[in-house]
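Quick look at what Swiss-Prot lists:
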type     : residues     : note
SIGNAL   : 1-26         : signal peptide
BINDING  : 38, 247, 278 : putrescine binding site
DISULFID : 175-239      : disulfide bond
């Protein structure tokens, strides 16, 4: 064989080996698809997981249970893990969109708070399909200085009167008001405020007093959205919002970091408020199950989930993590409510589809103002 042929052959072999090597690496690249709420994980959680495991995470976000439910019910989600609220998970279970979790692959499950597991089990019997992640309340986020400037030093910031009493909201309109785009939660909040069952099974409660009040409030509501209010509160663009505790505290923290002089706080009203639990679940069509279990175990580590709580300002469901959560978060009664406040909290129950339809139509009417 000539030197030229030898050179040509060695180059061919080297090229073939390189191609095989690249192909092998591509074949070995593991991927995980996650669909979570916006602003609901620490900035470095996914990157740290990727670095530790070599798994590539494709991470997408949503800002309402309705958006997630639409994708789940349509089938072929393409996601390996999703994060519904427990009350939504309950009705999705009847549609068979999730697969049971194999607890033998979740050795760190023991770190979860038994009391929270019992509460979530009301929606997911025996905690068969879902792993609790974070929990919080739906309350009032407000700009302390602007609200006092409009309503005075004695503004009822500890009451739903602040935002559900028409004469108050009419005055607050000048500095900006937002409501969650979450019909189940807003209607439950209004019904509770009116002294009715927040989980009423009477269609007339939704189409009558609840809708009547919301229509009176509607002209003074700038927008309905479930994430925009975070930055708007932080920047001082709105002064009051029906929002989720962790999101409002994120707004407060962003304002402090920006040193913009905006003072944001959160209130769990004295009349009672809704508590919710968000959970990780695996869609029935999940393709990367092993990778999904690795991520769930990663989140079950106390140090990991405590770090997330410190960034998102939500209480986590991991009892072993509580001592590791910063005092700023752990000792904040708006994030970890004391017993007397917890006693006034309520949760959503799955409703008959007829009530769902009534509520959806009423919500469309409220948002349009007609």
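The backbone N, Cα and C atoms fix where each Cβ goes, and this holds for glycine too.
On the structure: features taken from Swiss-Prot.
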residue	record	DSSP class
38	putrescine binding site	coil
175	disulfide bond	helix
239	disulfide bond	coil
247	putrescine binding site	helix
278	putrescine binding site	strand
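Counting only the Cα atoms, the space from residue 175 (disulfide bond) to residue 247 (putrescine binding site) is about 19 angstrom. Around residue 38 (putrescine binding site), the same-chain residues at least 6 positions away in sequence with a Cβ under 8 Å from its Cβ are 61, 62, 63, 227. Reported as a whole number, the C-alpha separation between residue 278 (putrescine binding site) and residue 239 (disulfide bond) equals 27 Å.
Burial estimate for the disulfide-bonded residues (175, 239): highest at 239, by number of other CB atoms within 10 Å.
In the shown protein chains, 27 other C-beta atoms lie within 10 A of the C-beta of residue 247 (putrescine binding site). Distance noted between the C-alpha atoms of residue 239 (disulfide bond) and residue 247 (putrescine binding site) is 14 Å. Other residues of the same chain near the putrescine site, with their Cβ within 8 Å of the Cβ centroid of 38, 247, 278, are 37, 39, 40, 63, 226, 227, 244, 246, 312, 314.
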